[in-house]
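Just below is one structure, and these are the notes that go with it.
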Amino acid sequence: MAQTPAFNKPKVELHVHLDGAIKPETILYYGKKRGIDLPADTVEGLRNIIGMDKPLSLPDFLAKFDYYMPAIAGCREAIKRIAYEFVEMKAKEGVVYVEVRYSPHLLANSKVDPIPWNQAEGDLTPDEVVDLVNQGLQEGEQAFGIKVRSILCCMRHQPSWSPEVLELCKKYHQKTVVAMDLAGDETIEGSSLFPGHVEAYEGAVKDGIHRTVHAGEVGSAEVVREAVDILKTERVGHGYHTIEDEALYNRLLKENMHFEVCPWSSYLTGAWNPKTTHAVVRFKDDQANYSLNSDDPLIFKSTVDTDYQMVKKDMGFTEEEFKRLNINAAKSSFLPEDEKKELLERLYKEYQ
């Protein structure tokens, strides 16, 4: 019998990666169809190789994508399908609004240098990837009755892609795309300051494109400071290490900065040492502005309920705190004000 959800009410999720939320069945299907070798030929086998049960380092976790992304990248049908199935997955989890993020370049095989995942050059550009994801998400919205928007990721190791990410955010603004992100390995020294990223973020500020940045996950509080002061981020992806700099943390508390918290992810990537108190406990105690999110459910063998169960069982989170953090997530979403108001009204009504 399925476990009763830790929070059985409508939820808002702001930090989840499309390419980390693919059904193993879909990976197998396209691996077979396209003649691409996968590390296993059953759903269970694939889940065990891609999935994680115990902590690995962030680079080891990122290496998991190498196993299965070649089955999906460069294939129009696969890309539209993973977007559609993502919406179905979230609807089943009781999520009523979700912002899903991905790098258009990592799904393309044309007009992208270098071509990712050792693919041969094809004819699928990053621009068309965004169009396909939009189609899949919009069809999913119609079919499953929830609201979905998307965030396009710049990648820390590829600053040359970032100007195009900004252009795609502008081109597809409100055609599901609501913001820009900076993802990838934040241990790359000085990557927040690479000119490609800085210029793209400056352009986003100028053009009214919303901004979030992965920072302080495994990186130091200094990476968070760079995200806030140089990249002018409006939300912090993860941000756990912010609390190591009291002055910065207190400043961000006062500024009502939103932290996109992914508890189960932080355990499995080693971003959080279980011998210490999790930053989210501090966020709760200080009534900070944060959300709970699943990050990469395929790899973490999880749903968003996994994160709620973890903080409820191990950290004493209450129903009232769950309501508060979801209302904060809605307030910190990148929806236009009128749609944000509608979402909030729905939550207030359902939470009475």
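Think of each number as a place in line: the chain as shown, counted from 1.
Even glycines carry a Cβ here, placed using N, Cα and C.
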Swiss-Prot annotation, Zn(2+) site containing His15, His17, Asp295 - matching residue among His105, His210, His214: His214
Neighbours of His238 (site 'Important for catalytic activity') among the recorded positions His15, His17, Gly184, His214, Glu217, Asp296 (Cα to Cα, within 10 Å): His15, His214, Glu217
Surrounding CB atoms that lie within 10 Å of the CB of Lys232 (N6-acetyllysine), all protein chains: 14
Alpha-carbon distance [His15 (Zn(2+) binding site); Gly184 (substrate binding site)] in Å: 14
Asp19 (substrate binding site) and His214 (Zn(2+) binding site), Cα-Cα, nearest whole angstrom: 16
